[in-house]
């Protein structure tokens, strides 16, 4: 039996203005644009191999915190983003992680896959080094972590982040697989022949 396509829900969280939406847009649209802050929640789906990623982006603003429970529910991965030019945004990741765990009621937070992105590495005013960020995350967040230095502006490691998720998910059993018989090929040409009985 052929395996179906897996749907993986990925939420992207962190303080406002750390580049969450720019990361998402760089990956999905393959371009960088300076954006206004996200209002509420943004959602896109992209396919990688036999995995479809549902990417959920939120504003990072306090007034939208009531949306988080429905936004977080059913997440398979959580991407925590901070700005390498603003040390406080790194320290706030623990609060974001703890809030995510509390609202999703994850059974085993140590095993849940968190991906940490140190964004804006293109900025010459970087204050958080990769080594310092990794060590801080190990000491304060712990668990199943993967770290990437990224730049949405210069397209550094953006593709690699989502390829990593896709590759990790390809061989894992998933309860939300789409059976192959329900997949529709958009590239297959149908025959124009008709038959009569």
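All residue numbers here begin at 1 and follow the chain in the order shown.
In case you wondered, yes, glycine gets a Cβ from its N, Cα and C as well.
Classification of residue 120 (GTP binding site) by DSSP places it in coil, neither helical nor stranded. Within 10 Å of the C-beta atom of residue 120 (GTP binding site) sit 26 other C-beta atoms, taking all shown protein chains into account. Swiss-Prot lists 14-21, 33-38, 57-61, 119-122, 152-153 with the feature GTP binding site, giving similarity to another entry as the kind of evidence.
The S-geranylgeranyl cysteine annotation in Swiss-Prot covers 196 (among others) and is backed by similarity to another entry.
Here Swiss-Prot flags 197 (among others) as S-geranylgeranyl cysteine.
The feature motif 'Effector region' is assigned by Swiss-Prot to 31-39. Model confidence over the motif 'Effector region' (31-39) is summarised by a mean pLDDT of 67.
Other Cβ atoms within 10 Å of the Cβ of residue 153 (GTP binding site) number 18 in total over all chains.
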